[in-house]
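A.B. asks: Starting off with a structure, shown below.
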Amino acid sequence: MTVSRPCVFSSLPPSSFLSTSFFSHLHHPPLPSGRMVMTDLLKAEEIKKALDAFAAETFNPKKFFEMIGMRAMTAENVKKVFQVLDVDGSGFIEEEELKFVLKGFSKDGRDLTDAETKAFLQAADKDGDGKIGIDEFEALVHE
């Protein structure tokens, strides 16, 4: 016996299907209330200055982390930054999340290019599993 399930999209107005706002939560879900944001850990002015310093194809995670003061952070605070960047809460920053990592620091941050994303992943992913764990992230920050 087959059970018929209602279509998830049937309750949406037709204009929703092409709307960018309809899809925006797929890459940038809203932060749950009470969840830490980057400015709880870092100075907004330093974040802005660092974001402005890296135009497309020039992003260097080690230099970025140094510019915003992360190299001087305790392991505990680096873990808190990691948790903000781990949007899906999986315990890893996957390649798809990594592309949007600068938006984790500021809503004005740009998307990383594919080349920058792959270079970032290669620099941090020491075990070669295709994602960045907390220990790998901390090691990259403190290199």
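Cβ from N, Cα, C; glycine included.
Keep in mind that TrEMBL annotations are predicted by a computer and have not been checked by a curator.
Feature list, courtesy of TrEMBL:
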| type | residues | note |
| --- | --- | --- |
| DOMAIN | 73-108 | domain 'EF-hand' |
| BINDING | D86, D88, S90, F92, D125, D127, D129, K131, E136 | Ca(2+) 1 binding site |
| BINDING | E97 | Ca(2+) 2 binding site |
| DOMAIN | 112-143 | domain 'EF-hand' |
A.B. asks: Are there residues at least six beyond either end of the domain 'EF-hand' (73-108) with Cβ under 8 Å to its Cβ atoms? List them, or say none.
C.D. replies: 27-29, 35-38, 40-42, 44, 47-48, 50-51, 59, 114, 117-118, 120-121, 130-134, 137-138, 141-142
A.B. asks: Taking the Cα of the residue listed as 'Ca(2+) 2 binding site' as the centre, which of the binding-site residues listed as D86, S90, D125, D129, E136 lie within 10 Å of it?
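C.D. replies: Within 10 Å of the residue listed as 'Ca(2+) 2 binding site': D86.
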A.B. asks: Let's see if you can do this one: DSSP helix, strand and coil counts over the domain 'EF-hand' (112-143), in that order.
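C.D. replies: The domain 'EF-hand' (112-143) comes out at 20 helix, 3 strand, 9 coil.
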A.B. asks: For the domain 'EF-hand' (73-108), what's the mean pLDDT in this predicted model?
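C.D. replies: The average pLDDT of the model in the domain 'EF-hand' (73-108) works out to 95.
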A.B. asks: Three states by DSSP: which one describes E97 (Ca(2+) 2 binding site)?
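C.D. replies: Looking at the DSSP assignment, E97 (Ca(2+) 2 binding site) belongs to a helix.
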A.B. asks: Return the residues near D86 (Ca(2+) 1 binding site) by Cβ distance under 8 Å, restricted to its own chain and a separation of at least 6 in sequence.
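C.D. replies: Within the chain, D86 (Ca(2+) 1 binding site) has Cβ neighbours under 8 Å at F92, I93, E97.
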A.B. asks: List the residues of the same chain that sit at least 6 positions away from D129 (Ca(2+) 1 binding site) in sequence and have their Cβ under 8 Å from its Cβ, in sequence order, or write 'none'.
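C.D. replies: In sequence order, no residue meets the Cβ cut-off.
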